[in-house]
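Peer 1: Handing you a structure now.
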């Protein structure tokens, strides 16, 4: 299908992407019409899909999509959850019309319906899960493209792209590859430069997994805040008041000034700052008990005070 052109050949990086996403892994059952798309069977019973034929059918599907003049006439459908995000991304990149979720029966055949559509091309993710739109497309002669596994029925399918349509990584990568080839064939992007859109944007994410990741991130943020609040001292506020007019006096905070008693003129600062000694009468009984008392000399002659109270010459009669 590449016609021997080097620009259309499958690159090594594309093969690595296919292998990493598990696109080459089929199912354990085999449909007789999908037999020529398989390479071999492993010992555990899983069929291996030939990626060379996957690439050729991918280019054929991209050429069929580019042949439609109005991109809105291309209808893409995925009833499985694994392909709904990829379908929306494909429609956003190429301008196609998307039906994600449940397909309303009669959309292609019942003209009385408000949601009646007449697409020129139909692309489905799984022929078994999306059998209703395939059946209705056969009634109104709409060509169909389907991503088929080894056990997928090929009834009403015009272009089958052999791949693993069960894994969400494989489905997202296949829609990403199809989007890139369509844009390259339209001339929107160049083949010489890699496409800046990552395949991760096409992968399905479980809502419970997203909720768990958000909860874990919130708990981590709360724990980090508690750790910082416990060990980090609060920052002091050193904001100074702004002075608009420097001619006005700046308010100075009140500072207690030490009061000195009168009569300290002519004294040094140390003498003035030292506490003055109060008179002995004012101290009362506040004596210094730590001082050593004077030792009396009992051998000395009695003093006048002793004579006043009486002594050897006192008359006690």
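Positions of Cβ are set from backbone N, Cα and C atoms, glycine also.
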Peer 1: With the ranges 130-154, 205-229 to choose from, which does Swiss-Prot describe as region 'Laminin-binding'?
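Peer 2: Checked against Swiss-Prot: region 'Laminin-binding' maps to 205-229.
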Peer 1: Tell me which of 101-120, 161-180 corresponds to the region 'Laminin-binding' entry in Swiss-Prot.
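Peer 2: The listed stretch tagged region 'Laminin-binding' in Swiss-Prot is 161-180.
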Peer 1: Would you list the DSSP helix, strand and coil counts for the residues of the region 'Laminin-binding' (161-180)?
Peer 2: 13 helix, 2 strand, 5 coil
